[in-house]
Amino acid sequence: MLSLDFLDDVRRMNKRQLYYQVLNFGMIVSSALMIWKGLMLITGSESPIVVVLSGSMEPAFHRGDLLFLTNRVEDPIRVGEIVVFRIEGREIPIVHRVLKIHEKQDGHIKFLTKGDNNAVDDRGLYKQGQHWLEKKDVVGRARGFVPYIGIVTILMNDYPKFSYAVLFLLGLFVLVHRE
């Protein structure tokens with residue numbers, strides 16, 4: 001049985017080995033965080049990787065697709081570009097396409113978005129009284145994607161017990177593989 005074998009392995013470990021395994025797990029977690037921060041610096045985006053959570057961008061992107069983002073300040077936003085934006089009062093960013101751009105005489109640019117699979121533009125999603133998005137609302141712009149790889153993230157959000165199981169299995173893997 002897996003659980004009994006695992007417990008026997010843990011019991012056979014001396015304190016030094018157990019301490020080493022805990023440190024090893026800590027190194028894995030801290031390495032992942034450093035890689036994330038590095039990606040943030042390189043891409044200029046607060047969230048360089050996002051998962052598509054709905055079918056609003058089909059057929060371009062499907063639920064569970066993993067998007068790679070950049071957010072260079074100097075690059076102008078263009079019609080047809082896919083952006084990830086955050087709306088005040090909503091925790092989760094939205095992935096949609098730029099539908100229209102509105103440029104004022106002073107050079108200030110605002111834009112309107114829409115999901116490819118939606119019948120109407122996103123004005124109904126914006127906060128009340130807001131009709132356009134601004135560059136400050138953009139988290140990033142889609143530069144590439146990997147299909148369906150983010151479905152694990154969706155499962156972890158939809159089923160919290162699944163996320164605990166994944167974390168437990170990762171911890172178990174680190175403890176059992178001592179090399």
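A Cβ is built for glycine as well, from the same backbone N, Cα and C atoms used for every other residue.
Annotated topological domain 'Cytoplasmic' per Swiss-Prot: 1-16, in sequence order. Looking at the topological domain 'Cytoplasmic' (1-16) alone, the prediction's average pLDDT is 67.
Per Swiss-Prot, transmembrane segment is recorded for 17-36, and the stated evidence type is sequence analysis.
Feature annotation from Swiss-Prot assigns topological domain 'Lumenal' to 37-179; the stated evidence is similarity to another entry.
Under the heading active site, charge relay system, Swiss-Prot lists Ser56 (among others), citing similarity to another entry as support. Its Cβ placed at the centre, Ser56 (active site, charge relay system) has 19 other Cβ atoms within 10 Å. In the three-state DSSP classification, Ser56 (active site, charge relay system) falls within coil.
Residues within less than 8 Å, Cβ to Cβ, of His96 (active site, charge relay system) and separated from it by at least 6 positions along the same chain comprise Ser56, Met57, Ile82, Val83, Phe85, Thr113, Lys114, Gly115, Asp116, Asn118, Asp122. Summarising the annotation, Swiss-Prot assigns active site, charge relay system to His96 (among others).
What Swiss-Prot records for Asp122 (among others) is active site, charge relay system, and it gives similarity to another entry as the kind of evidence. In the three-state DSSP classification, Asp122 (active site, charge relay system) falls within a helix. Neighbours of Asp122 (active site, charge relay system), defined as other CB atoms within 10 A of its CB across all chains, total 21.
The feature region 'C-terminal short (CTS) helix' is assigned by Swiss-Prot to 165-176, with similarity to another entry given as support.
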